[in-house]
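Annotated features, as they stand in Swiss-Prot:
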type     : residues                                                                                               : note
DOMAIN   : 31-230                                                                                                 : domain 'BPL/LPL catalytic'
BINDING  : Arg70, Gly71, Gly72, Gln73, Val74, Thr75, Tyr76, His77, Ala163, Leu164, Gly165, Gly176, Val177, Ala178 : substrate binding site
SITE     : Lys160                                                                                                 : site 'Lowers pKa of active site Cys'
ACT_SITE : Cys194                                                                                                 : active site, acyl-thioester intermediate
Amino acid sequence: MAMDLLRHRLGRIDYLPAYEAMQVFTAARTPETPDELWICEHPPVYTQGLAGKAEHVFNPGTIPVVQTNRGGQVTYHGPGQVVAYPLLDLKRAGYFIKEYVYRIEEAVIRTLVEFGVTGHRVAGAPGIYVRLDDPGSHALLPQRPMKSGLANPSFGGLGKIAALGLKVSRNCTYHGVALNVAMDLEPYTRINPCGYAGLQTVDLSTIGVCAGWDEVAELLGDKLTRYLAP
């Protein structure tokens, strides 16, 4: 089923105005408001989720730190990263937050497939990961999702390539997903990404994929439109 999802390419915009615009849009929407998908990239910024702890940001330097109302802990946004914000009415879509997370992750996985990369889920740690030794490997991870209930997720041999942070208000979503394309990854060394010490962050460039921001943004937008459809 095709989804009536209005897609907007916002280019490079500061994080705070985008965050404020999402809040305004969500607060003002009615049951008839069309769903939207905002795609952009941000200048360097750290964002803290509701579970964020100050000790996970140990050397921000000149990069601003913005407290947000999304789930999760600290992450980094910067040039060379595709950020997608689906603004959906989940009640109208007909599924709940757990399935929504799964669908976003599936859209990222399907985007990576287009570049010969296999994305993996890790139980208890939303986001998408790749094997550092063989990014195209389809072999099942020992951290596979079927092994649920792990108190301390294992990231051995993995690099995180996409991060999720979401908020649902009155059954309507905002915030979203960030997929790393070709970034300066050094700012990740100044934080514990998503609250995990030692978690390695990668981008497509790091694992040998040469892809432009526009190409990845278009593909991710297409996949999100498809996999978020009712």
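Yeah, the Cβs are placed from backbone N, Cα and C, and that goes for glycine too.
Fair warning: this is a prediction, and the values are worked out from it, not measured in the lab.
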Task: Packing count at Tyr76 (substrate binding site) (other Cβ atoms within 10 Å of its Cβ) - done: 27
Task: Separation of alpha carbons, Lys160 (site 'Lowers pKa of active site Cys') and Val177 (substrate binding site) (Å) - done: 12
